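Colleague: According to TrEMBL, the domain 'Major facilitator superfamily (MFS) profile' annotation covers 1-200. According to TrEMBL, the transmembrane segment annotation covers 27-51, 58-82, 88-114, 176-196.
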Amino acid sequence: MQQFGGINALNYYFIIILTNNVGLDELLARILTGCNATSYMISSACAFWVIDKFGRRVLMLTGLTLQSFAYVMVALSVALLSTAPFEWGIVAVSFLFFYYAAFGCTWGMVPWVYQSEVNSLAMRTVGAAAATSSNWLSGFVCTQFTPSGIENIGYRFYISEALSSLVRIKGVELTLSPEVFAVFNLGFIAIVYFLYPETANRKLEDLDAYFDCGSGHSTIIPIGDKSAKSSKRPQEAIEAEASRVAMATAIDHKPKGSTAEHEEDISRTVRRCHAGILDT
């Protein structure tokens, strides 16, 4: 998903896009590429401050929305470039910068953190390896078809012809539609919303418990499932940890007296642990 959001299609061919599609000279394109890399670095650093505050889901959903909007505006600007080259060129470059800034503080970092958090303890290393390999494979696919697409159909490379519609802007008729990467980004919003639970401020065991068959949670996240969406640790996770601590403490001590007395000791331990965890 990260790669099909279009980041490496821009990364590797940014200068070519600025010269061939936007119409800039090579020197200016190289200068803008350096400026864009600087702003991208700054926006990526901002992710350190927002990833835990707002949560993984919010950043992923926000990033997809902003990235899709940026790509549509870039495609529109390049399509209208012949009517006012200077003005629409500024718009196109501005939204390319905007795309990088949005990606840097959202999808630039979140997938690398999320793939190591969402998997169960038993599958964490396998899941991380699979996620990383699929990421680079997707990047390879995107970068392979980008040059030929730009060369053969120009800005229409970013257009999904199946969804095209005829519009008139400033007297110029254009066949426009959401560009390919914009469609990908919009489609990914539904995937993240319904299939990706929040992992911020969770312990590793919390995700195991969430996906457990007896947890009451479904694979598809319901709209009202707050425990899957909140960036704060759910109450059920706090209570489950209290029970685990109490049971571990009880097992370490030999039973005293009858079974009923032992069960009462466990119940008291659960209540004490629960209260202690809530206080902290």
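Cβ atoms here come from the backbone N, Cα and C positions, even for glycine.
Just so you know, TrEMBL annotations are computer predictions that nobody has curated.
Since we're looking at a predicted model, the values are computed, not measured.
Neighbours and distances for these, please.
Modeller: Over the domain 'Major facilitator superfamily (MFS) profile' (1-200) the predicted model carries a mean pLDDT of 81.
Sequence-distant neighbours of the transmembrane segment (88-114) (same chain, 6+ residues past either end, Cβ-Cβ under 8 Å): 1-2, 5-7, 10, 14, 17-18, 21-24, 32, 35-36, 39-44, 46-48, 50-51, 56, 59-60, 62-64, 66-67, 70-71, 73-74, 77-78, 80-81, 131, 135, 196, 199.
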